[in-house]
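Below: one structure, written as structure tokens.
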Ligand SMILES: C=C(O[C@@H]1C=C(C(=O)O)C=C[C@H]1O)C(=O)O
């Protein structure tokens, strides 16, 4: 199967330092149905949670690994092992580590379906030149929930595991389970014109604030203008330019757990994610978090799924008196600029998936995806993956590497757009706009694009990011406004009262 990092050319390949800890000592993994754990006499799992295992009820620890959508997904507690990779071979380095680790584990998994058994959470830098730590984290305990039920997986250095071990690990690692309905209770009233959470935060004390510097915004607009010029000159067809905003708590810790709960409650059609790859002494440092509406690639039992987004309309821009859906249709679906942005994004995904499948299913027309803050043009894509000579289909991480970066976050042509981004943004995107998600030991996995979020740098500071597609018809001030609309959810979730 082909593998390609579109940023890589043979001349400029870089090496990938790999640091891993302490996987060698791990020996076993046990997966049990949640109901069985709840039924165990020493179990901390209540019958109430077993009956309603909405994973948002577990968003109570700010160092958990998270991948949830509408209460389904995975939440991991503790760190059994992690790998840090950088550079060109960040994906292959992580894959090799994971394959070796899982091959050495004695896996007991009677459920044996996607995401049961050992799972690793992963995040990968957007650019191969990034200094950010990419890699995987294997939590000690993972709680999973899909349409068929809920389960718990424990990994350990012990040669064999029992349900009592699972109960003990839960007791030690899971801080609290929220009452049913609590995540929804965190969602403020649905003010669709300015997005959820636009009410000032209700916490006492001073709120965190966003450092939005006018000069930086002007410089960014000038970069968009330069990008438009590159397109007019025929050097590019599309590029995506992003900017970062710093959030400061000024000595007050940022409440990441609360931010995740708000995002998961308000944006329940998005994938809420949180992962910390490098094992710094400061457990607050470099935690990637957010709620993304864009699924880069999911591999489920030999089938690939993706949700491509490009083309955005701020819901706050819709005038009174016209139904929102009609406004969205007119200004998104029927606007050639928005359609062009979308076409580039879908074209790049289909182009890179082609080598892995004989037939791709994708609707000819995009649909309008409605989020509380914006509307997007969206296309869902699926394809049966072609098995290789050994009969196995490529792993989720191989597909992630092949499709990243799509023109939804980079541009067209890819390599030229990536170079223009590095030059015009003057920013190490780090993990922003890179793949974030999980993979299991059977080649399944689900990865989104790390958008609508940020990175907590210290206990009281974070950087949040947003970007937008630039095409020939782009107007810098409108693109700046679009980044503000995209930043709103994460700023609100962090308790920042945004400008708008
Ligand atoms: C780059 C971002 O979003 C991407 C760009 C979009 C656009 O230009 O319309 C829409 C969705 C995403 O693919 C972001 O949210 O930061």
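Cβ coordinates come from backbone N, Cα and C, glycine included.
Among the ranges 1-21, 22-42, the stretch that TrEMBL annotates as region 'Disordered' is 1-21. Feature annotation (TrEMBL): of 182-214, 215-247, 248-280, the stretch labelled region 'Disordered' is 182-214.
On the 0 to 100 pLDDT scale, the domain 'Chorismate-utilising enzyme C-terminal' (218-486) averages 95 in the predicted structure.
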